[in-house]
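Structure record follows, encoded as structure tokens.
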């Protein structure tokens, strides 16, 4: 019931997030456990999870907000079509340390930002970000408990073809360190003690968020617009970020995560045993095809079906034969009637001709 309540609340607040500025919507939290004691427990993933984004996303697993996510054979396209579009998907499940691997192609365009965000309700955050005016670079960043007093935590790395080709971007997150990988190559490591002695180290249960947003929208702050490469040109839409595969590993096995106090320390998080409703939804087998259903039928049922089909075929053939015979008989009767009428007409003509011959006398006879 707690997980269901949380999903309902997140869905409702997802609509509210659509009304916020793109920056706020990307980092939205609806109940901060550092400020409130009655926040609902976080439903755990509690397992490994892989999904290919070339089919519709399960609405019981993912919350889509603030724009259109278009599905294609190659994956999901997060598209900015108009002002303030910032299509984003956010998992309903939470992971408490683990691995997030995303195969994606970032969007190009001045003022356009593509992002992968691992974020908790206390605003712990681990980021990948691409600025559309920098086609061969990717930025990594982190925040602890919403602390934005300093923006010197980010590091930028070269990545050829980030906006032309799909690449593998992976975060490995443990209580001791965070590692960022590009195409399986380690590019950055952040140790716990390096993040202000651990105070700014992301360490609380987090959702996974993928999205694109107009960092260069005129409504954003000047500093954000400058960081995004300048004002976005909405006349040049669409701007598209594409994702084809996502792998998530939760380091813990459990049903829910709860905060035992307001410290925000990972040691204060309780792991509640069980399996979450979301995990059950993920593990639910897909609908079976007709071929699979047929193979699973017992032999007696198959024989009965074949017999029924055979009976229907025989009945159909009998009906067709009956109709043919009936039609042929009707045709014969009609032909007989027409033939009798023809003979009668011929006899009448011959009789009239005989009478005429008897009455006709040649001139001079």
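First residue shown is number 1, and so on along the chain.
Heads up, the Cβ atoms here are built off N, Cα and C, so glycines get one too.
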According to Swiss-Prot, which candidate in 101, 129, 134 joins 209, 213 at the chitin site: 129
Among 147, 172, residue with annotation N-linked glycosylation site (source: Swiss-Prot): 147
Correct range for transmembrane segment (source Swiss-Prot, candidates 282-302, 303-323, 324-344): 303-323
For residue 129 (active site, proton donor), nearby residues of its own chain (Cβ under 8 Å, 6 or more apart in sequence): 113, 114, 115, 116, 138, 139, 140, 141
C-alpha spacing of residue 125 (active site, nucleophile) relative to residue 31 (disulfide bond), in angstrom: 16
Across the topological domain 'Extracellular' (26-302), average pLDDT on the 0 to 100 scale: 93
Greatest inter-residue Cα distance in Å for the chitin-binding set 129, 209, 213: 12
Residue 39 (disulfide bond) and residue 209 (chitin binding site), distance between Cα atoms, whole Å: 20
